[in-house]
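According to Swiss-Prot, the protein carries these features:
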- N172: N-linked glycosylation site (CARBOHYD)
- 1-24: region 'Disordered' (REGION)
- 37-57: transmembrane segment (TRANSMEM)
- 59-79: transmembrane segment (TRANSMEM)
- 89-109: transmembrane segment (TRANSMEM)
- 112-132: transmembrane segment (TRANSMEM)
- 178-198: transmembrane segment (TRANSMEM)
- 247-267: transmembrane segment (TRANSMEM)
- 292-312: transmembrane segment (TRANSMEM)
- 328-348: transmembrane segment (TRANSMEM)
- 352-372: transmembrane segment (TRANSMEM)
- 381-401: transmembrane segment (TRANSMEM)
- 412-432: transmembrane segment (TRANSMEM)
- 485-505: transmembrane segment (TRANSMEM)
Amino acid sequence: MEKTQTPSLTPDELSARSSTPFEEREEEEEVHYVGHLKFSFIFVGLCLSVFQVALSLQDIGWYGSAYLFTDCAFQLVFGRLYSMLPVKIVYLGALLLFEIGSIICATAPNSIALILGRTIAGIGAGGILSGALTILSQSVPRAKVAVFNGILGAVNGIAFICGPLLAGGIINGTTWRWIFYINPIISAPTFFITVFLLKLDPPKTNVKTWRGRIAMLDLPAFTLFLGSILCLILALLWGGKEYSWKNARIIVLFILFGVIMLAFMLVQKRKGDDALVPMRILCQRSIAFGMFFSFCTSGTGFILEYYLPIWLQVIKDLSVISSAVKLLPIIAAAVVFTTLCGILTPVIGHYVPFMIIATMLLSVGMGLLSTLEYTSPIRHVLGFQVPAGVGLGCALQQTLVAAQTILPMNDIPIGVSLIVLAQTLGGTIALSAADTIYTGTLSSSISSRFPQINRETVLTTGNREIRNLVPAESLSVIMDLCNKAIVKTWYLSIGLAAASIIGVLGMEWRRVTPPKK
């Protein structure tokens, strides 16, 4: 079998290499960077592609699960593709798949077609964010990558949080199909900019034949990874809803997830550098601890951004659009500090300080939100969002900067895909756990306090309609129960935010810029 040119470095050797002077590293890699004007257009295109993908994270049920399944599963495949094929071709392929999936959704005659469209769109999404970051790492010097990462992170955050607001406006003004029709419109400039302006050096590899490249994709291992992620997504989708968490189906799915994932890891270890994910990259200290940090902080962010609007809708009886407007403090804080961290990281020379700040402020912000009562004024909600938003802004891009700083150029796509995978899985698993806490607490407490209302009624009632289950004189009681159920989900996010300190402590302190002479 043909071998890649990437040397078989151990995780420790990778760490040692990252301390090599920046001038020497960039000379060794012989990178040819894009001109300023051309890069400006390319960067706008990258922002548009990231924006449309973040907008698509708002789906629920099978539609969202099909998307998340393929998004997670294909992260590693795209990481390997970017490391051995021209980045431009792979990135355009990911964009094309995402748009094909969106068009299928927009024209879907039934639910099956919609699920199929979301599945295809998820495959494309698996390569868009990691592709944008890979293009960045090859378009500007390493010392400047953090700045543009910060801007991309800000765009990603704006799109994710503003998704409900935009979707609500589209649905109120026209058909829901325009939620999907809008994606090809947003993507068109990116596609043409990439085709005509993007020119990058091909990855350094000895694999010249298509047979060798297909072998490097490690399809048997990918099948194992695909199966393990499918078991996990199904268990999270069905658990506590279709079946109880103690049901044999759910238990078997979790066991299968663990067994198949273990088999995948053993195959990766045996295949060395020919693996889909070489263990020397996965076990590299900053990558491993960075994945843990990203898992925890992403989980915290997903819970916050999902249940804070629910609190506003249920407790304060706000519409979807009004509740989205009340999220402006967290949007502003996250956007400003994501960008600011990107600017300051090269100035300070390290990314770890911002990770420390992120852990502290996320924990404080979620702690403050957990003190809310159903009688709390809106101004408390607005104020408590700020430290959490600052923490999210500081956390979003730092582990990606670490991967782009520490790894050799040809390994960056795989390292970035691992970090993005950890972020996606962290949000998926945390939201599922929070949903179990919320629905379980709310249904049991309401059924206990109001015996005439059974559990199934609570679970099938919309968030804003819960207040209609009881007479007006009992409204304060049910609002108190709803508040306590939502606050319990924030206890989980406090735990995740606090646990992220483990990831911080494990990170290497490596410079992102050359030391001043």
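Every residue, even glycine, has its Cβ placed from backbone N, Cα and C.
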Which one, 89-109, 112-132, 247-267, 292-312, 485-505, has the most C-beta pairs under 8 Å toward the transmembrane segment (37-57)?
112-132
Which one of these stretches, 89-109, 112-132, 247-267, 328-348, 412-432, has the most C-beta pairs shorter than 8 Å to the transmembrane segment (292-312)?
412-432
Folded-back contacts onto the transmembrane segment (485-505), same chain, C-beta under 8 angstroms, at least six residues removed:
289-294, 296-297, 299-300, 303-304, 307, 310-311, 314-315, 352, 355-356, 358-359, 362-363, 366-367, 369-370, 372, 391, 395, 399, 426, 430, 433-434, 437-438, 441-442, 445
Outside the transmembrane segment (381-401), six or more residues from its ends: residues with CB under 8 Å to it:
133, 145-146, 149-150, 152-154, 156-157, 290-291, 293-294, 297, 300-301, 304, 308, 311-312, 326-327, 329-342, 345, 351-352, 354-355, 357-366, 368-369, 372, 416, 419-420, 497, 500, 503, 512
Proximity of the transmembrane segment (178-198) to the transmembrane segment (412-432), 3+ C-beta pairs under 8 angstroms:
no
Residue numbers, six or more beyond the limits of the transmembrane segment (352-372), whose CB comes under 8 Å of its CB atoms:
293, 297, 300, 304, 308, 311, 341, 344-345, 380-381, 384-395, 398-399, 483, 487, 490-491, 493-494, 497-498, 500-501, 503-504, 507, 509
Please report, as numbers and ranges, the same-chain residues at least 6 past the borders of the transmembrane segment (328-348) whose CB is under 8 Å from any CB of it.
143-144, 146-151, 153-154, 157-158, 161-162, 304-305, 308, 354, 382-383, 385-390, 392-394, 396-398, 401, 512-513
